[in-house]
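A.B. asks: Sending over a structure as structure tokens; questions will come in a sec.
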Amino acid sequence: MQPLRTNVSSLNGTIHVPGDKSISHRAVMLGAIANGTTKISNFLTGEDCLSTIDCFRKMGVSITQNGSEVVVEGKGINGLQEPKEILNVGNSGTTTRLLLGILASCPFHACLIGDESIAKRPMARVTKPLRMMGAHIDGRDHGNYTPLSIRGGSLEAIQYESPVASAQVKSAILLAGLHARGTTSVTEPHQSRDHTERMVRLFGGEVVVDGVTVSVTGSQQLTATSIYVPGDISSAAFFLVAGAIVPNSEIVLKNVGLNPTRTGIIDVLQQMGADIVIENVRNEETEPLGDITIRTSELKGTEIGGALIPRLIDEIPIIALLATQAEGTTVIKDASELKVKETNRIDTVVSELRKLGADIEATEDGMIIHGKTPLKANGTIVDSHGDHRIGMMLAIAACLAKGEVFLQRPEAIAVSYPMFFAHLHSLIE
Ligand SMILES: O=C(O)C1=C[C@@H](OP(=O)(O)O)[C@@H](O)[C@H](O)C1
Ligand SMILES: C=C(OP(=O)(O)O)C(=O)O
């Protein structure tokens, strides 16, 4: 149990948030199935991305990691070898689903397991379309949950209409489609993050995007490249909200990824009246990035739903905290995907923020928050429930509380932001 900093009078300084988690996973995966040496810099050394490296090493790919510098020796998709050991995906949904997409065309057997949280997350959303393409998959509950086993096959293209806006579903199918006969397409209800599409192009592959439909033609060869991973906007989000709600604050966040499929948090902060400035935007062709300054702000409630949801899905826990400090009502809807993340994030956000006195209620597909509420604590014990984003949200919430707050299971934060507490404390001292 960790005591959290409370009653913080200001947050001031500059932070370089770590590399983007989604992009780091994909850089290793595409590097592993490309031909040649891929160099990755500013790679996220969070536990999820280390799980991805570990899985590919077990398939014979040589990967050297020196802090945030990673070198992947790719030998093409045919260079992957049948793993002698079980592939452990840890806590990472992205590793599990994208890896299944790659394994779908590999002519060997592999077993996937993960932690307790992964064992509860639905996998039929990828195993169903991958089976339609020709992969042989089995597992608990007919392949809906880990442990899973897969034997890749000779794949046929599909035209798939995904019931959910999910980049993990889209990416798994596209990665399989790269090695299928014919042209594979995925159509989503709303556009999800497009890092796979951008990165396949960076590796010399072809991807066609037509509105919410993305297509790839099979038998593509990818060529190794160099990748700089921008800072993770999902990690920056904790400090964007902290800067807006803690009094007398000004925080500068450097080199933050600004891919438009990820910037819903900035739209919401602007909608709510936050004092936020974006500068030095660059690299718009591949993965845009820039610097963001946020200052303490007078905020008002807002409505969040529809196509905005996939653009900020991982930021909803911290947006809920933001809403507790805004005048009026904030309604978050169309977000039932939150129920199948590392925890049921509707339940964990509502129960944990209530412990600190927030006026928040769960709905079927989101939450309703009334503000502005002072956060109170008196030796209060809050719990990450093993979910990194819940842990970080609670550490920021504690900054506003007057009494003592203790966090259970703080170690979960290392999944996506190992330096989180060091960065937070550097803004206080
Ligand atoms: O593709 C990715 O890198 C991710 C996609 C999202 O999940 P879904 O595809 O399940 O929405 C997101 O929540 C996750 O943190 C990372
Ligand atoms: C949902 C998340 O990740 P994943 O699905 O990769 O476990 C997350 O990082 O919030």
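All positions are counted from 1 along the displayed chain.
Placement of Cβ uses the backbone N, Cα and C atoms for every residue, glycine included.
Keep in mind that this is a model prediction, so the values were computed, not measured.
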A.B. asks: Looking at TrEMBL, which one out of Arg57, Arg311, Arg345, Arg354 binds phosphoenolpyruvate in the same site as Lys21, Gly93, Arg121, Gln168, Arg389?
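C.D. replies: So, going by the record in TrEMBL, that would be Arg345.
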A.B. asks: For Ser22 (3-phosphoshikimate binding site) and Gly93 (phosphoenolpyruvate binding site), what Cα-Cα distance in Å is obtained after rounding to a whole number?
C.D. replies: 11
A.B. asks: Out of Lys21, Arg121, Arg345, which of the binding-site residues is least crowded by other Cβ atoms within 10 Å?
C.D. replies: Arg121
A.B. asks: What are the sequence-distant neighbours of Arg26 (3-phosphoshikimate binding site), meaning same chain, six or more residues apart, C-beta distance under 8 angstroms?
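C.D. replies: Result: Leu98, Ser171, His195, Thr196, Met199.
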A.B. asks: Looking at the recorded positions Ser166, Asp314, Lys341, which has the shortest Cα distance to Gly93 (phosphoenolpyruvate binding site)?
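C.D. replies: Checking each of Ser166, Asp314, Lys341 against Gly93 (phosphoenolpyruvate binding site), the shortest Cα distance is to Lys341.
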A.B. asks: Rounded to an integer, what is the Cα-Cα distance in Å between Lys341 (3-phosphoshikimate binding site) and Arg121 (phosphoenolpyruvate binding site)?
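C.D. replies: About 7 Å separates the two Cα atoms.
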